[in-house]
Amino acid sequence: MTVLNGMEPLAGDMTVVIAGITDSPVGYAGVDGDEQWATEIRRLTRLRGATVLAHNYQLPAIQDIADYVGDSLALSRIAAEVPEETIVFCGVHFMAETAKILSPNKTVLIPDQRAGCSLADSITPDELCAWKDEHPGAAVVSYVNTTAEVKALTDICCTSSNAVDVVESIDPSREVLFCPDQFLGAHVRRVTGRKNVYVWMGECHVHAGINGDELVDQARANPDAELFVHPECGCSTSALYLAGEGAFPPDRVKILSTGGMLTAARQTQYRKILVATEVGMLYQLRRAAPEIDFRAVNDRASCKYMKMITPGALLRCLVEGTDEVHVDSEIAAAGRRSVQRMIEIGLPGGGE
């Protein structure tokens, strides 16, 4: 096992570079993601026997240097499969926790442990326990965008692409408590038609901020475009309304996870696509299909927590071996069961 201890010697004049890193509440600054930085990151990664994973919403420089880029669940499964015993997870904290849950014997690092998630924080273990007490016997279905403690109290996890399948796998007569995303939960209720699905009123502040008016305006201004909408978006209902009212062709309105967006982008015949999700996703979409004009429905939809994983944070992480992610063994075992139950029903799909 590769153990990350202490300061690792730096190449060339990178000592000066790391000395210039400044800390602030919004992340580690002072380092440019240039070729010198990239060369040093690759060297340190090899030296430490590490694999760097980056979420689709990360800064372009972080995505470019990563060994793998994807959604949180796909990356966590990769973490469990790769031979390297040190995982550097460039994402928000619950994602690194999920990687640790699925790889309990590996060292998992996150470049900045302060990178939280408004959606994961929207339900606490105590709140979930109280909700379960109000609905004895109900099945708890939790989105993978939850903390380890919430996963441990969950019967079965789901992703944005398989949430409907997961809920439909549960006895129709049994109540379902769906948490924490209200918009994904509303999507599940709408598609399944189940009235006994109760939805927690949590949200991702970035996706919730992509509103229906913006989407309607963009759709009407670009009648020749296809529309990709993430189910966490507050505008997902507006997208379906546009299709239902005939204002936008139904076959051009797609409610998709980030992984689903990449697949659809590679297969579409349209040359313009409006995208309703965190703006970091456009970088991966443009790489996957450079001939398509991808446009953000809201170009201000940027997650400040995702962007805390800066070039300086990643360099610091590999030099100092920080910040390591720990999950209590009993919580990890219970959380792992809820994820495995999801995988066992098939179609695990994309994490977000």
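The backbone N, Cα and C atoms fix where each Cβ goes, and this holds for glycine too.
Residues Cys117, Cys204 are given by Swiss-Prot as [4Fe-4S] cluster binders; from Cys303, Cys317, that same site also lists Cys303. Ser72 is the only one of Ser72, Ser122, Ser169, Ser173 that Swiss-Prot places in the iminosuccinate site (with His55, Tyr143, Val144, Asn145, Ser160, His230, Pro231, Glu232, Thr258). The 10 Å shell around the Cβ of His55 (iminosuccinate binding site) contains 29 further Cβ atoms across the protein chains shown. Within 10 Å of the C-beta atom of Asn145 (iminosuccinate binding site) sit 29 other C-beta atoms, taking all shown protein chains into account. Between the candidate binding-site residues, Cys117, Cys204, Cys303, the densest Cβ environment within 10 Å is the one around Cys204. Ranked by Cβ neighbours within 10 A across all protein chains shown, the binding-site residues Tyr143, His230, Glu232 are led by Tyr143. Not a single one of the binding-site residues His55, Tyr143, His230 has a C-alpha within 10 angstroms of the C-alpha of Cys204 ([4Fe-4S] cluster binding site). A distance of 13 Å separates the Cα atom of His55 (iminosuccinate binding site) from that of Cys117 ([4Fe-4S] cluster binding site).
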